[in-house]
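A short worksheet on the structure shown next.
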Amino acid sequence: MQTRLRVYITGEPGVGKTTIFLKVIDKLKSQGYSISGFYCPEVREKGQRIGFKIKSLDNEVEDWLASIYAKSSIKIGKYYITINEDIINKIKEKISKSEIIGIDEIGPMELSVPKLKEIIDYVLNEKPIVVAVVHRKISFKDGKTFVVTYENRNRLDNEIFNYIISSIQ
């Protein structure tokens, strides 16, 4: 597979970007594609967001990315970055073996962690096919960007999946 394809998913907070991303990843997996990467779901406590985890797409690797309770030298907004370097190494190892890479999200928090930024740069520069959720204030010149809205979110996963399949076959 020599195709170079970049698919970016963006939109306002809470519109459904992660849901669409995970649906697209599941559809690609069901077609037999080798996929790895990571996503960063929020963690809530009593209805309030307290931080973010980082999970590999196969859910075998998981740890905290950032938390309001942790203390570290890197702080983004109210969150302290707490990611463990072992987790990053495990995710990087998985990524090196896959043909399609999924990332949720490429945003200020993820880019503030040097080792995580290194993985993101590696993926964007070296891997042939990337599907990524991108913070609404970040844009890339290469690839196709899909903007999630309340009006299109129920059909956008199919549109993105069909675009990817037609681009790589």
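Cβ coordinates come from backbone N, Cα and C, glycine included.
Annotated in Swiss-Prot:
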type	residues	note
BINDING	11-18, 100-107	ATP binding site
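On the structure: features taken from Swiss-Prot.
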| residue | record | contacts (Cβ under 8 Å, 6+ apart) |
| --- | --- | --- |
| GLY11 | ATP binding site | LYS17, ARG136, VAL147, VAL148, THR149 |
| PRO13 | ATP binding site | ARG136 |
| VAL15 | ATP binding site | VAL148, THR149, TYR150, ARG153 |
| ILE100 | ATP binding site | LEU28, TYR33, SER34, ILE35, ILE129, VAL130, VAL131 |
| GLY102 | ATP binding site | PHE21, VAL24, ILE25, ILE35, SER36, GLY37, PHE38, TYR39, LEU57, VAL130, VAL131, ALA132 |
| ASP104 | ATP binding site | LYS17, THR18, PHE21, LEU22, GLY37, PHE38, TYR39, CYS40, ALA132, VAL133 |
| ILE106 | ATP binding site | ILE120, ALA132, VAL133, VAL134, HIS135, ILE138 |
What does DSSP assign ILE100 (ATP binding site), in three states?
strand
So LYS17 (ATP binding site), by the Cβ count within 10 Å over all chains shown, scores 24
In the three-state DSSP scheme, LYS17 (ATP binding site) belongs to helix
